[in-house]
Amino acid sequence: MSGGDMAKPLLGHGSIEGDPSITPAPGRTIGVLGSGDFARSLAIRLVCSGFKVVVGSRNPKRKAGLFPSAAEVTFQAEAVKKTDVIFVAVFREHYSTLCDLADVLAGKILVDVSNNTEVNHHKESNAEYLASLFPACTIVKGFNVLSAWTLQSGARDGNKQVLICSNNQEAKRTVAEIAQGMGFTPVDMGCLSSACEIENIPLRLLPAWKIPIFLALGLFLCFFTYNLIRQVIHPYIREQKNKLYKIPIEVVNTTLPCVAYVMLSLVYLPGVLAACSQLYYGTKYRPFPDWLDQWLQHRKQIGLLSFFCAALHAVYSFCLPMRRSHRYQLIETAVKQAVEKKMNIWVEEEVWRMEIYISVGIIALGLLSLLAITSLPSIANSLNWREFSFIQSTLGFVALVISTLHTLTYGWSRAFDENQYKFYLPPTYTLTLLVPCTVILAKVIFSLPCIQQRLLRIRRGWEKGRYVKFVLPSATGEYSSGETSSNV
């Protein structure tokens, strides 16, 4: 960002001065040390939330124009004297510049909002380092997981949670009240030793997406290689035809639906395996293996990647007729028909196959879009559990069935054509049917009343082999106790 851009506040003054509804109401006075983007956004949100804000800067006259007029911009020492809660919005390497204020800061609450540039960049967290510099102060780690944009737009846009940790319960309660007053949700993360974990959170790049992304890339490479052998290498070896032009569009477009279809089935396969485990052991309290537990937790990401690949497949398919190679093939076909004097090349079966194939594919993509939209937190929070479960489970399974029909209509009778088995390799779509058909078959079996009722009982707490005490009257009229197995 250029110097001119940095000199401008992220949010215009007009949005604060021009609206009388956000005039700060009398309340707690909050100090902010720093004049960067985050400090400015923090001051704006505090002012909009009704707090009195005092900003401490080494050059207050030059920085005053960057903050809302409702905030007081003064020297750091003066700002520290006017408040007991101070947000330290400076980088770790500049903490030492505040050592001259150690006497004035004594007994005050310092909220460390800093982050590092790398995960575990230092042996100790920034908050612990700040605590070592100012032992007479109470240090609270918080607000570092929020971006400057989230602070400006408020809790209505972006993440609402504010992670807080400190060794002082009263200080945590004070900062939590400030976070609530700003419209955010404070989350107590324990003592100050948790600051390292909190500081690493903004630095992790899609931690929940690593396994699904590698899974999708692995499937893509496998199917891409398989299609490359069938569509490019085979005609070059057998017919000496150069088909390299197919790689950017045709081979990729043949690969994408395979990945999308298999990924969609992998969303529901772990649920099948979990149900099999519960039926086999007769309890829901036996923990799943770690690999299955991780698989269950990544279903959302796997489903979204499936939708992404399906959407790319739709775009690629839409662009197929635009290619120059496709136009040449159409002209070549027309010339051959003219030479052979073929007046009618209409094939009823092929017409119906393509009509059904495209129609079913559009429906499958629409259902996948619905699944993707409802997985967004903003949409999911507006649904109750039954609605969310119906969409993600029932409609998701319907999407898998329709995708299977889409694949079957694509193959039609070509699965029995020996010319389709190049290098004796079966068509790609036949390989993709293995996992989805297994899931569909398992779902059908689980829907049988005898199995469905047993699985429902297990998920309601019934356990195989659990003994239940009972009391029976004896011949003398007295009662005797006994035991029986709950699976009798």
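Residue numbers in this text run from 1 along the chain shown.
For all residues, glycine too, the Cβ spot is worked out from N, Cα and C.
Going by TrEMBL, these are the annotated features:
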DOMAIN    29-116  domain 'Pyrroline-5-carboxylate reductase catalytic N-terminal'
TRANSMEM  211-229  transmembrane segment
TRANSMEM  259-281  transmembrane segment
DOMAIN    259-401  domain 'Ferric oxidoreductase'
TRANSMEM  302-323  transmembrane segment
TRANSMEM  356-376  transmembrane segment
TRANSMEM  388-409  transmembrane segment
TRANSMEM  429-451  transmembrane segment
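For the transmembrane segment (388-409), same-chain residues at least 6 beyond its ends with a Cβ under 8 Å from one of its own Cβ atoms are 257, 260-261, 264-265, 267-268, 303, 353, 356-357, 360-361, 363-364, 367-368, 370-371, 374-375, 380, 429, 432-433, 436-437, 439-440, 443.
Counting residues of the domain 'Ferric oxidoreductase' (259-401) by DSSP class, helix then strand then coil, yields 119 helix, 0 strand, 24 coil. Residue counts of the domain 'Pyrroline-5-carboxylate reductase catalytic N-terminal' (29-116) by helix, strand and coil are 39 helix, 23 strand, 26 coil (DSSP-based).
Tertiary proximity for the transmembrane segment (211-229) is limited to same-chain residues at least six positions away from its ends with a CB under 8 Å from its CB atoms, namely 247, 251-252, 254-256, 258-259, 262-263, 266, 294, 298, 301-302, 305, 309, 422-423, 425, 428, 431. Tertiary neighbourhood of the transmembrane segment (259-281): same-chain residues 215-216, 219-220, 223, 288, 292, 295-296, 299, 302-303, 305-310, 313, 368, 396-397, 399-400, 403, 407, 432, 435-436, 438-439, 442-443, 446, 451, 454-455, 458-459, 464, selected by CB-CB distance under 8 Å and a gap of 6+ residues from either end.
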